[in-house]
Amino acid sequence: MGSKRIIPSRHRSLSTYEVMFTALFAILMVLCAGLIAVSWLTIKGSEKDAALGKSHEARGTMKITSGVTYNPNLQDKLSVDFKVLAFDIQQMIGEIFQSSNLKNEYKNSRVLQFENGSVIVIFDLLFAQWVSDENIKEELIQGIEANKSSQLVAFHIDVNSIDITESLENYSTTSPSTTSDKLTTSSPPATPGNVSIECLPGSRPCADALKCIAVDLFCDGELNCPDGSDEDSKICATACDGKFLLTESSGSFDAAQYPKLSEASVVCQWIIRVNQGLSIELNFSYFNTYSMDVLNIYEGVGSSKILRASLWLMNPGTIRIFSNQVTVTFLIESDENDYIGFNATYTAFNSTELNNDEKINCNFEDGFCFWIQDLNDDNEWERIQGTTFPPFTGPNFDHTFGNASGFYISTPTGPGGRQERVGLLSLPLEPTLEPVCLSFWYYMYGENVYKLSINISNDQNIEKIIFQKEGNYGENWNYGQVTLNETVEFKVAFNAFKNQFLSDIALDDISLTYGICNVSLYPEPTLVPTSPPELPTDCGGPFELWEPNTTFTSMNFPNNYPNQAFCVWNLNAQKGKNIQLHFEEFDLENIADVVEIRDGEEDDSLLLAVYTGPGPVEDVFSTTNRMTVLFITNDALTKGGFKANFTTGYHLGIPEPCKEDNFQCENGECVLLVNLCDGFSHCKDGSDEAHCVRFLNGTANNSGLVQFRIQSIWHTACAENWTTQTSDDVCQLLGLGTGNSSMPFFSSGGGPFVKLNTAPNGSLILTASEQCFEDSLILLQCNHKSCGKKQVAQEVSPKIVGGNDSREGAWPWVVALYYNGQLLCGASLVSRDWLVSAAHCVYGRNLEPSKWKAILGLHMTSNLTSPQIVTRLIDEIVINPHYNRRRKDSDIAMMHLEFKVNYTDYIQPICLPEENQVFPPGRICSIAGWGKVIYQGSPADILQEADVPLLSNEKCQQQMPEYNITENMMCAGYEEGGIDSCQGDSGGPLMCLENNRWLLAGVTSFGYQCALPNRPGVYARVPKFTEWIQSFLH
């Protein structure tokens, strides 16, 4: 039976599930189409919004003036320094805008770069829609001024430096146009398609116009522009020969013809760069320049380059620089046409291939050979041909040829103004397997020649002296030699120590030979006896002098006294008598050498006078039957000295006492007692009206019971009829501010008393009384006069970790003291006409006060014409009578201004502390001054400020064991060092903030160098001298 296959039909109805799936698929297709359409519309809308300016990116710049210091790492966007600071800036910007009226529009920010000039920040801002530049700038400034970011505690932004412009992303740049040696910035209108960055003064734009860098960074051998345009040879090609970067192993550059001066001066600069590890040798085929036109040769490039030679007039011979990079600059300031300039060639060489004798041997005919000037000394050796000036010191010819054609080296010629070390260093020398002989010729001629020393040192900082000569050896070249046997790498150093005036030292023909030094064929030189034998500096004594043995002199009088002398004479009189000291002749080196006269025995005596310089000087009178005279000289010049005598008697120099019914004025004259404190000056010096009211039994210098002096008797004020106006009037008489409070005080006895009433003209009427109504006295408290308040708003800043530039007006009581035109010390303004400073500043400089000048309101010593500045001469100097220069105790002095000053925002007095007020250890106080910023460095231009913690005297004594830290001193500083006052800060304030007023806690006195660990600064403790200071103010 056959079978039959059944084929299903092609058309059938869909199942329920199939219908559902089909419907869902169709819906999904519609949704996708819709989403695509919405996305397309959104994109087109965004493009339209962008076209209409609804999405916005702006670029901004601002300057951070404190809280962060610029360093080269901020140029590297991958550095930790860049990332940390950029994060903080972006956080600050975000916090400000998120709390501003633009919080809905603001999206984010991005720091692009940092530039030098404090720290300049360039950043981008992104907003969801278009915002005007003015609106962005206004919100940013308001946020900074309102401290809307926690980051503003860490650093300060100069709001005047903030600038906002359209982002440069959609704009083209205009490159700076150039001339031969000068860049100028073009500034087309800021319209879409064309914008150029505007640079701050002293900066120029890079070629991409995206970045500004300092003018000095152009053509300095280091890339500072991202596009490298700051070192572009087209820009940097010199006006002298059209060259700039020299990179071959040898080459040349020249200023064969001076370029015509288009400005006040022209600078031609070349960069020489050879392979790493090589050094560079320079030679001059000719060299004939004007004295004003200087060729400087530096080791290295960029900001780290080191000046190795300054050349003018004469061919310097060969110069070798031990670096693979050299910067050469030729500064042309003359318009002379008679000078042909110079032609220089350079060659690379490998100094490591030199042997020891090649490194040492030198007759200076061809420059300094391979010797190097010591950069850590005080001056430089000079290469000399022929005679030096002045006469009577230094050679007339070299040693090599024995005539004026040869060369030698000498310490700086001329009179000189100080003692200085002049050093010459060899390259590192290889250890020797056998001894070698170092030989040389030296010339030490002149009345004041000091010392020539030769040292060797190794990399372990072990140094030893192998040769030394001192004194004047006459007009001869002298031979010197020393055997060396060093087993490790070492250097040789020639050190000449030069005094003032006739003290030149010269060298020639240095050589190194193998084997020990032979016995010298030349006789050992002997010193020239050009001066008498040195006098002993110890006078003997102290000498006890009594009548009739009353005449005494400085040592060796009438001939010059010795240097470094210290002499003491004790003058004696019978009990009840006093002493008059008279100088018949007097001539000392000014300031440096002094006669100090004290009232009584030295240990606890009071200072009577300090005399120095040429005479005549005034007689001095003791108040006791003993007087101490000290004579102290330094190690420089000497003079003829002095001859003195003394007499004894009763009341010598003291005015005759007044009658019982008279008052004796401070100038000695007498006035009737009834005229005392009557409101009218009867004494010519006004002393009869000087001390007529005081506080009694007060807990502070501005409160207590009130007493008035009627004739010679003090009367306590009654509370009867006392008014608020009375309080104000009495407080004013006391030299204080307005009355703060007054209250009755019950007391029985203690008379006599005085009742106060106010006259119709407002003056006080005093009526003596034996009793007060209800035994009620007045207890008065006065406000202090306005003091210790900063008038110029100061930004909040973090704790200073080192001396920092202060803001103008930050310390309006800090005064700069100039002596003979030189900034010498600091001081503090305590009233309209009195300054507090250090006694050691004025010691020996007190006889002619008008040589001192006080500059108030000063911020920068380089700008003495600022409108905030007021200058006053000093007309009186008072050293605290307890000051002891040798013990450095009571180091405080008062200086009176010739004319009173008016208080301004930049000139204000500082407050005085209460007498014996305690400033506890650990308290953070402030110091300020223009002194040296590092030990043996240069003084500061801008007023420096720093915070320092106070130390106990016990701890200070442990850290300063060589000094006696007395109760009149206080100390401040960090154990780790790094913050301290230094030379030039003396006399300036140590200031502590209390109740929103700055108090003068200390006066900068002394220290051991500056800012060393466990070496605090020492200050005169002002609370110990408050009463003494106030005696000048009222």
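For all residues, glycine too, the Cβ spot is worked out from N, Cα and C.
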- line: According to Swiss-Prot, the cysteine among CYS971, CYS982 that forms a disulfide bond with CYS956 is CYS971
- line: Disulfide partner of CYS225 per Swiss-Prot, picked from CYS199, CYS206, CYS240, CYS268, is CYS206
Statement: Secondary structure of the domain 'LDL-receptor class A 1' (197-238) by DSSP, residue by residue, totals 10 helix, 6 strand, 26 coil
- prompt: If we check Cα distances from ASN343 (N-linked glycosylation site), which of the glycosylation sites ASN645, ASN761, ASN804 wins as closest?
  reply: ASN804
- request: To the nearest whole angstrom, state the Cα distance for the pair ASN964 (N-linked glycosylation site) and ASN549 (N-linked glycosylation site).
  value: 36
Task: Report the mean pLDDT of the predicted model across the domain 'LDL-receptor class A 1' (197-238), rounded to a whole number.
output: 88
Query: Across all chains shown, how many C-beta atoms besides its own are within 10 angstroms of the C-beta of ASN343 (N-linked glycosylation site)?
result: 16
Most Cβ neighbours inside 10 Å, all chains, among the glycosylation sites ASN645, ASN804: ASN804
- prompt: Closest to ASN645 (N-linked glycosylation site): which of the glycosylation sites ASN455, ASN549, ASN701, ASN761, going by Cα position?
  reply: ASN549
- request: List nothing but the one residue from ASN116, ASN518, ASN761, ASN964 whose Cβ has the fewest other Cβ atoms within 10 Å; the candidates are the glycosylation sites.
  value: ASN761
Residue from ASN116, ASN518, ASN761 whose C-alpha is spatially nearest that of ASN455 (N-linked glycosylation site), among the glycosylation sites: ASN518
